[in-house]
Amino acid sequence: MEQTEGVSTECAKAIKPIDGKSVHQICSGQVVLSLSTAVKELIENSVDAGATTIDLRLKDYGVDLIEVSDNGCGVEEENFEGLALKHHTSKIQEFADLTQVETFGFRGEALSSLCALSDVTISTCHGSASVGTRLVFDHNGKITQKTPYPRPKGTTVSVQHLFYTLPVRYKEFQRNIKKEYAKMVQVLQAYCIISAGVRVSCTNQLGQGKRQPVVCTSGSSGMKENIGSVFGQKQLQSLIPFVQLPPSDAVCEEYGLSTSRTPQNLFYVSGFISQCTHGAGRSATDRQFFFINQRPCDPAKVSKLVNEVYHMYNRHQYPFVVLNVSVDSECVDINVTPDKRQILLQEEKLLLAVLKTSLIGMFDSDANKLNVNQQPLLDVEGNLVKLHTAELEKPVPGKQDNSPSLKSTADEKRVASISRLREAFSLHPTKEIKSRGPETAELTRSFPSEKRGVLSSYPSDVISYRGLRGSQDKLVSPTDSPGDCMDREKIEKDSGLSSTSAGSEEGFSTPEVASSFSSDYNVSSPEDRPSQETINCGDLDCRPPGTGQSLKPEDHGYQCKALPLARLSPTNAKRFKTEERPSNVNISQRLPGPQSTSAAEVDVAIKMNKRIVLLEFSLSSLAKRMKQLQHLKAQNKHELSYRKFRAKICPGENQAAEDELRKEISKSMFAEMEILGQFNLGFIVTKLKEDLFLVDQHAADEKYNFEMLQQHTVLQAQRLITPQTLNLTAVNEAVLIENLEIFRKNGFDFVIDEDAPVTERAKLISLPTSKNWTFGPQDIDELIFMLSDSPGVMCRPSRVRQMFASRACRKSVMIGTALNASEMKKLITHMGEMDHPWNCPHGRPTMRHVANLDVISQN
């Protein structure tokens, strides 16, 4: 017996070649993976042949037949024999040609693999041939039948019963044909968008019914026109063209790129993307197409970056994206995966930096647009003042000693109008501070409040101040709104800074701060804003650390408002009333210099006298202790091995706790749980064998009510006065027609006109309404996307789920409600009837493991 086993082992270890037929089937199954891959290979062959018209015909979504016809150059008769043989191609002759290949195909595997997986028939006619030829191939790619076949120039490839030579895959293919079909259509849409000057059409025929158009393009030469042909003109209204910008220094630093060493003009990116305004995006990533040298691909990093940047401006939607990256073919490796969808790219970080900089620049310019209502304002005296936006953006002319007088009366009126407008914003009048001559300047200094942190360093750049000099100038910063002035008035009253009577008619001076300061000193709340103190500075020495030059305000004759400097006041400084100051205060005497500041922050080594003490230590006692611990650990090992729940009750371990519950608790166990009581009028304590659980009574009841509403509620429909036309693609329209019952349960009703053109057959006649909730076409798009992935499965739009979650919350048992034993048992039993009992619709956990009684008793 032992001798026989040894012989069989030796035979199993022998290395032998696999027969050619098995190799062909194994490798072919790795080339053609799905319906979309098969269609992709045939479409690429037609485009490589120079076709301007490509017609794709499907029967039963591609299960029975896939047929692609084109008007390309056709196949010459001398190439018939090698047409469907493995690794036979006219695209390349050697490996070196791979870097210069410009066609989609180059490996010579597509037709050979299709022959191994299905029945393939090809009819073709070359431009030099007088009549076409029909070729029938066997599963090895060899011609079994060759007959004359009259047809125009071009090629038609028919693939029947795809995957039928692989029984398991064929059954799986039939079962998931709707998903396969949806993926195929998305791949086809990518080729329709990028193929300029090529008219692509696709039809599907169910049984003996009519051929239903799926996609149809007009053969336009531009990408924008192709997008409109595939997705409709409405989609174009929300798109903006991609504008490429060179990578910024900040983005280059983020990706570890050197701006001096990065190659210039390596990539050229073109395409379109959704506007960042809410409503312009989509609820899913179903319309995102990326191309490298016009080859459709799936660049995961690029896709992730585009969505992340878009979510910076529109958190709740995804963009429609069509981007084509043009780059030298020597910088690209397309021979990575069988379907050629994964592409390796040199300088990928540079491409990401270019995309991020460009997208941020595009969205910033779009997000910063604000529509301003031109409304008249009242000045202090009650007169109307017209708001001129263009005039407000101009700097206010200063009245300097050497400035020329105004030449035009129109200019004087304009200045007067703006001055009166600024006075209208001055809601808190204070006494005007007189000018002290050319040798002095006024400095408005802001002291940090007790909540404000102390700045760590002085600004090192040269400070430029804007303002006006003179005793009659009354300024308000254009960045100050009326609300800000009101907040400032409140602060000054609270801190005792108001020093004028209510009847004073003189305006207060609020010089404008340089824009470079605003980012360093943000005001988070009225309570956190700095209280202000006006100090008259004679010889003010504004000297940045490390420089020998001093910047004196009197050299410029400007009134300035300075930022709080470092260490200007302790962090716990209280607010105080304004006191009279001497006319000349030398701020530099009160401020610690750079040297003293840095010296206070440096740790100084201190010499310490340490006393040495002998410690008694026994190695034998330590070894004895270690043996005892190991023995105790061995005893407890089998006792602790049965612990099923180890996650803590904390937000950071919610996912781990949920995974443990899903693994260890089945639906039938809820009925077996023993009710121990109610804790804190909000939680039910249950016991299952030796495990104690805590159940949130509100969350558990809310989830049960939510699932019941999801399953059984039929939304009431509000009929429209006139049917509404939907801007759907042919594929989305087909999905809608096939799932009309699910739409009706969600409150949407349609009228279907079979004789109408495709994309215009379905019209909306009623919408769901429920009290204050209204729904619209965007919910229809979301349902179509969900049904494309799971056809025939009952699903709800996200806004319907939100409505059900709100209703379930209001009708559930609330925290603080006392429950008797039967009511608590009812809630626990309901948890066993749910599909997902671990979280309420708003994300709160319903149940957590508390303790194991065996572990507690042992301890």
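Using N, Cα and C of the backbone, Cβ positions are placed for all residues, glycine too.
Classification of Asn45 (ATP binding site) by DSSP places it within a helix. Annotation source Swiss-Prot lists ATP binding site at Asn45, Asp70, Glu109, Ala110, Leu111, citing similarity to another entry.
Per Swiss-Prot, compositional bias 'Basic and acidic residues' is recorded for 427-439 (among others).
For 485-495 (among others), the entry in Swiss-Prot reads compositional bias 'Basic and acidic residues'.
The annotation compositional bias 'Polar residues' is assigned in Swiss-Prot to 512-525 (among others).
Summarising the annotation, Swiss-Prot assigns compositional bias 'Polar residues' to 583-597 (among others).
According to Swiss-Prot, the motif 'Nuclear localization signal' annotation covers 574-577, on the basis of similarity to another entry.
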Least Cβ-crowded entry, counting other Cβ within 10 Å, from the binding-site residues listed as Asp70, Glu109: Glu109
Same-chain residues at least 6 apart in sequence whose Cβ lies under 8 Å from Ala110 (ATP binding site): Val31, Val32, Glu41, Leu42, Glu44, Asn45
Sparsest-packed among the binding-site residues, when each Cβ's other Cβ atoms within 10 Å are tallied, from Asn45, Leu111: Asn45
Cα-Cα distance maximum in Å, computed over every pair in Asn45, Asp70, Glu109, Ala110, Leu111 that the record assigns to ATP: 20
